[in-house]
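Step one of this worksheet: look at the structure below.
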2 protein chains.
Amino acid sequence: MSDKGKITPSILPGFMELLPGEQVAFNGMLDSIKESFELCGFLPLDTPVIEKAEILKAKGGEETERQLYAFKKGENELALRFDLTVPFARYVSQRMNDLTFPFKRYQIGKVFRGERPQKGRFREFYQCDIDIVDKDNLSLAYDAEILSTTYTTFERLNIGGFLIKINNRKLLTGFIESLGLNEKLSKILRNIDKKDKTGDESVKQELSNMGCSSAQVEKLIKFINTDGTPKEIIKSLAALNIGNENFQTGLEEMQEIVKYLGYMNIPVSCWKIDLSIARGLDYYTGTVFETILKDYPEFGTICGGGRYDNLTEYFTSQKLPGVGVSIGLTRLFDQLSERGLIKIDGSAILRVAVLPLGEYMELAYGLVANLRKNNVSAEVLLLGDGLKKKLSIVNKRGIKFAAIIGENEIKNKVITIKDMESGEQEEVNIENVVDYIKKA
Amino acid sequence: MSDKGKITPSILPGFMELLPGEQVAFNGMLDSIKESFELCGFLPLDTPVIEKAEILKAKGGEETERQLYAFKKGENELALRFDLTVPFARYVSQRMNDLTFPFKRYQIGKVFRGERPQKGRFREFYQCDIDIVDKDNLSLAYDAEILSTTYTTFERLNIGGFLIKINNRKLLTGFIESLGLNEKLSKILRNIDKKDKTGDESVKQELSNMGCSSAQVEKLIKFINTDGTPKEIIKSLAALNIGNENFQTGLEEMQEIVKYLGYMNIPVSCWKIDLSIARGLDYYTGTVFETILKDYPEFGTICGGGRYDNLTEYFTSQKLPGVGVSIGLTRLFDQLSERGLIKIDGSAILRVAVLPLGEYMELAYGLVANLRKNNVSAEVLLLGDGLKKKLSIVNKRGIKFAAIIGENEIKNKVITIKDMESGEQEEVNIENVVDYIKKA
């Protein structure tokens with residue numbers, strides 16, 4: 001057979017496409033995240049994949065513009081969303097009068113970034129976002145609610161131990177200001193943000209290169225490495241006696257959030273204060289946090305978020321402070337998959353295969369219809385000659401039960417139900433098959 | 001407050017974006033469809049939104065090209081998928097050696113068509129597709145399986161009575177050939193396909209305009225209006241004594257499918273043979289069908305599908321016949337919504353609102369944590385001064401239970417649980433609250 005003259009079936013580099021078994025596992029994670037978000041009272045939202053380019057470009061930024069899939073159709077300048085946060089800011093600004101505040105929403109969907117493809121980087125990937133916004137003011141209880149939902153989500157996702165590292169931008173900013181380094185603020189933040197990847201020495205070197213004195217460098221490095229329990233860290237921050245207003249506000253906010261996290265019974269093994277967390281995105285104004293997997297710190301940040309006060313400022317004069325978090329599921333799945341940590345299991349879909357051994361099609365299809373009516377997934381297996389071959393197919397596909405209809409069964413008005421895991425089989429009266437399977 | 005200098009927050013025309021209550025209802029339909037597909041043993045699949053343009057253009061067609069969102073990024077010619085069928089054909093051709101055949105897959109996702117926006121037409125909309133493909137040959141039992149899954153899906157969707165209208169392209173083709181109208185075949189099929197919208201007279205007129213004789217026109221109109229039970233129609237088709245090979249094969253296929261639909265216990269009120277069904281898409285080669293809502297025939301076709309033998313021919317020489325169906329959910333939801341047939345119900349997400357009347361935050365957040373741990377969706381309601389105001393908010397949001405924590409409750413170590421639907425309330429021991437709610 002020659003495929004000459006055919007178009008080679010392929011996809012673009014940087015796009016994830018899974019085999020069915022992998023897809024079942026991926027959807028399992030997606031559903032688990034969705035359930036956790038709903039358990040915590042977040043409402044679903046779905047915004048268009050295609051937005052007006054001016055909306056997505058509102059905030060600007062060289063990197064965003066370069067990565068943006070932007071194009072023209074008719075008279076319109078269009079673009080594909082590169083995150084779910086900007087469309088959310090647009091949505092809340094647009095539908096303000098139709099929403100109840102504080103507005104808690106989740107959105108799970110694909111976003112698009114035309115990055116240079118490299119290992120672990122995707123051009124199309126799923127983000128799973130939650131955000132809470134309110135008019136004028138938003139209680140710090142909601143920062144804690146986002147952290148608590150993050151905890152619930154990873155706890156239920158069951159991918160091993162995780163650690164939520166929490167900081168407050170105002171603490172960092174205030175400390176840097178107290179060192180008289182106001183003018184280098186954003187450069188220093190960007191540098192600190194890279195600490196986990198590059199290490200202390202590299203951060204020190206770059207701070208020196210920026211023109212920080214060695215005393216300033218030492219103080220900064222000591223500060224971002226402050227270690228201890230939340231209470232200990234708060235105590236040592238207070239003991240620094242820094243009068244800077246940002247610093248003091250940050251400290252109060254941190255204390256408040258720590259108080260709420262206690263109320264919410266989040267195990268202390270799952271979170272800590274980490275003063276080196278800065279977050280790359282410049283719209284964060286208060287609480288910031290990142291999550292890592294304890295057994296796989298090399299995965300890096302598997303979700304990140306924080307408080308933002310001005311995200312809607314391009315669209316409305318109404319003040320709409322918010323706090324949120326985003327999980328990059330495609331990359332996480334890819335990393336887990338690469339380590340063999342994803343269980344590929346076809347049985348997740350089909351529970352019963354009905355095996356007619358001969359011309360018993362009417363009975364076979366009738367049984368399948370009855371099972372489906374009773375919410376048991378089932379199908380007739382037409383493949384394979386003979387019982388042995390048929391059972392080996394059922395086994396290979398990971399289907400839990402085989403329902404066998406042969407000459408003997410017809411004679412005795414029974415169906416043989418074989419449990420493929422235990423290997424045990426039983427003859428069950430035709431009328432009782434659905435009940436038998438449902439109870440099993 | 002002035003929004004001068006701000007970008008007006010808005011979306012493009014032809015894109016659907018819902019309010020949270022509507023989104024809950026939409027997701028309910030989406031989830032129901034997904035569950036039905038899985039109940040019938042279809043495996044999930046997710047292909048990229050962005051494909052190589054040459055893949056999507058493989059089949060060609062002027063309308064497709066005009067509607068395609070195509071653009072360039074770097075060196076690549078890209079396009080957004082306009083259906084889920086072409087990406088599926090590409091996927092099966094590409095991953096043939098990794099798949100088990102017959103391969104049953106479902107895919108639910110957005111597709112994109114740059115149509116002129118008009119009422120009921122969307123540029124971005126959800127398609128919910130199932131397909132079954134096999135190598136070389138595909139049993140007609142699978143045509144029936146697709147019809148049976150369509151039945152299961154609409155039965156469970158619970159949107160009123162529906163009718164699946166079934167035909168076979170070979171019957172139509174054979175009959176037209178038997179009239180000696182081979183050369184006008186595709187024109188005639190396109191004309192017949194419009195019958196439901198335009199009526200018999202218009203079809204007649206156009207057939208005459210094409211150059212059909214009045215005898216041919218009468219025969220064709222009589223044929224496509226053949227009415228009766230499936231058995232009666234099959235009998236009258238046989239009685240036509242048409243020797244044409246396509247016609248005879250079509251008749252045999254139809255008989256076989258009718259037999260299977262009987263085995264599957266699909267109520268005869270839900271399906272009929274309708275010889276006027278042609279389907280617009282030219283890749284169908286056998287079974288074709290459409291579904292309408294009995295109470296809302298003016299909605300038109302809410303899903304359509306059929307058998308195709310050559311869909312993968314642009315990508316591979318391996319013969320991969322298939323059969324499938326596609327539900328256009330965005331349009332259906334829009335139509336149901338417009339008639340007020342969508343129940344907007346916020347309660348679908350949140351089950352319990354915890355109302356601390358004073359400084360009982362620790363207890364309130366602890367209770368919420370405990371409820372969530374036990375899979376009961378819950379949150380602390382911070383809004384509203386006083387019990388009356390708080391209860392009115394809970395009521396307005398459609399939340400099922402209010403858990404009230406006040407001075408009296410603290411004293412007696414109870415929590416008052418109010419059922420917002422019945423209005424009844426009960427004092428429940430703090431340790432028993434989770435059980436009480438789970439049992440309610």
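Even glycines carry a Cβ here, placed using N, Cα and C.
Annotation note: B:Gln127 (L-histidine binding site) sits in a strand segment as assigned by DSSP. The Cβ neighbour count for B:Gln127 (L-histidine binding site), using a 10 Å radius over every protein chain in view, is 20. Taken from TrEMBL, the feature L-histidine binding site applies to B:Asp83, B:Leu84, B:Thr85, B:Arg113, B:Gln127, B:Asp131, B:Arg279, B:Tyr283, B:Tyr284.
Residues annotated as domain 'Aminoacyl-transfer RNA synthetases class-II family profile' in TrEMBL: B:29-356.
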Problem set entry | Other CB atoms, at most 10 A from the CB of B:Asp83 (L-histidine binding site) | 16
Exercise. Is B:Thr85 (L-histidine binding site) helix, strand or coil when read with DSSP?
Worked result: helix
Exercise. Just checking, which of B:Thr85, B:Arg279, B:Tyr284 (binding-site residues) has the fewest C-beta atoms within 10 Å of its C-beta?
Worked result: B:Arg279
Exercise. Max Cα distance spanning B:Asp83, B:Leu84, B:Thr85, B:Arg113, B:Gln127, B:Asp131, B:Arg279, B:Tyr283, B:Tyr284 (L-histidine binders), Å?
Worked result: 21
Seminar exercise, completed: By a three-class reduction of DSSP, B:Arg279 (L-histidine binding site) is assigned coil
